[in-house]
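Novice: One structure is given below, represented as structure tokens, and several questions about it will come after.
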Amino acid sequence: VGIKYRYCFIITEKKEISFKFLKNLIKMEVPTYEGDILRPEGRSAMNCNECLWPKSIDGTVIVPYNFSFNYSADQLALFKSAMQEYESLTCVRFVPRANETAFLNIMSGSGCVSFLGKVGGAQTVQLASYGCIYRGIIQHELNHALGFYHEQSRSDRDDYVTIHTENILPGNFNKANSNNLGLEYDYSSVMHYPGDAFSKNGNLTIVPKPDPTVPIGQRDGLSILDVSKINRLYQCGKSPVIRTSLFLNIYESNYPSAYPNNANCVWLIRIPSGQVTLEFQAFDIQSSPGCVSDYIKIYDGPSKTSPVLEDRACGIGLIPIQIASTNQMLVEFVSDGVVTGTGFKATYGSGMCVLV
């Protein structure tokens, strides 16, 4: 039975991150294109099967990595958290290198750059310690290493954005021969550049259409469709069930009917600021000793390695309000192959936990 990944995000404010490194990269001696991509000649990204990281016998995709720079403890913690998000939502696992010959060699430098897909050997991912260590920028470069172009370079991009070539510095925003994986264009992708990227005169270079006010260029983290693309490209079990509306509710898809057997679902909740709060309005999950059969598990962070807030809740009746320590929370639902219940319904939002 394939794993079914379910997740939702709420993003209601734009987080500004400086893109000055795009200008710095133009001056770099390292050969790059599109600002942050290192690529050997002849590489064609997502249409290149040998550019993908191999799948293990258990269905996981192992990507070894090594740090060749002494990042601070806080920076290393952010790297770990950004990588663990992939583990929670996809079959990709970033693991510290043992003796593998092909691995990501993460280093500091003058910008944020990565090769496109697997190239073999010590594969450079450059993330400057003084400007690139944000969750979304880390995940942007890791996505390049997994084989993804920029969103605005998709082969069908002209249907969704206008590229103002008269405002662009030469050599940027070329259209790629990309495999779009049957998924729609994603303005909210962590792989999308902002509207003024590579402008030579301060004017806009990318304008969404038909609505030019649609936000682009976020670096908060992976979007819903970013996750779906990874799962499709690397064939991570079943395709995700995607919630495209940003409602403040999560629930098992069959609710209030009986939930399915052999389910394994996750919801990643991310809010702009404050602490995630989660309150259940309904809760009916098969009861078993120690909740070993069906259960809800809630994590204080974006991954299954985050601290546990609620460990294996089951039965009938509401559980206490859950409050995360940060703006992220992961909810996991697991069911076995026999008895089911009607599932659950919960509301999430932003709150502050004050010690008194």
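Any Cβ shown, glycine's included, is placed from N, Cα and C.
The domain 'Peptidase M12A' annotation in TrEMBL covers 44-237. What TrEMBL records for Cys48-Cys51 is disulfide bond. The Zn(2+) binding site annotation in TrEMBL covers His140, His144, His150. Positions annotated as active site by TrEMBL: Glu141. Among the features that TrEMBL reports, domain 'CUB' is placed at 236-351.
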Novice: DSSP on the domain 'CUB' (236-351): how many residues come out helix, how many strand, how many coil?
Specialist: 3 helix, 54 strand, 59 coil
Novice: So if I draw a 10 Å sphere around the Cβ of Cys51 (disulfide bond), how many other Cβ atoms end up inside it?
Specialist: 21
Novice: Between the Cα atoms of the residue listed as 'active site' and Cys51 (disulfide bond), what distance do you get, rounded to the nearest Å?
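Specialist: That separation, Cα to Cα, works out to 15 Å.
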Novice: What kind of secondary structure is Cys51 (disulfide bond) part of, going by DSSP in three states?
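Specialist: Assignment for Cys51 (disulfide bond) reads helix.
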Novice: Between His150 (Zn(2+) binding site) and Cys51 (disulfide bond), what C-alpha distance do you get in Å?
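Specialist: For His150 (Zn(2+) binding site) versus Cys51 (disulfide bond), the Cα atoms are 16 Å apart.
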Novice: When a 10 Å sphere is centred on the Cβ of the residue listed as 'active site', how many other Cβ atoms does it contain?
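Specialist: Summing over all protein chains shown, the residue listed as 'active site' has 24 other Cβ atoms within 10 Å.
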Novice: Is it possible to get the count of other C-beta atoms within 10 angstroms of the C-beta of His144 (Zn(2+) binding site)?
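Specialist: His144 (Zn(2+) binding site): 25 neighbouring Cβ atoms within 10 Å.
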Novice: Going by DSSP, is His150 (Zn(2+) binding site) part of a helix, a strand, or coil?
Specialist: coil
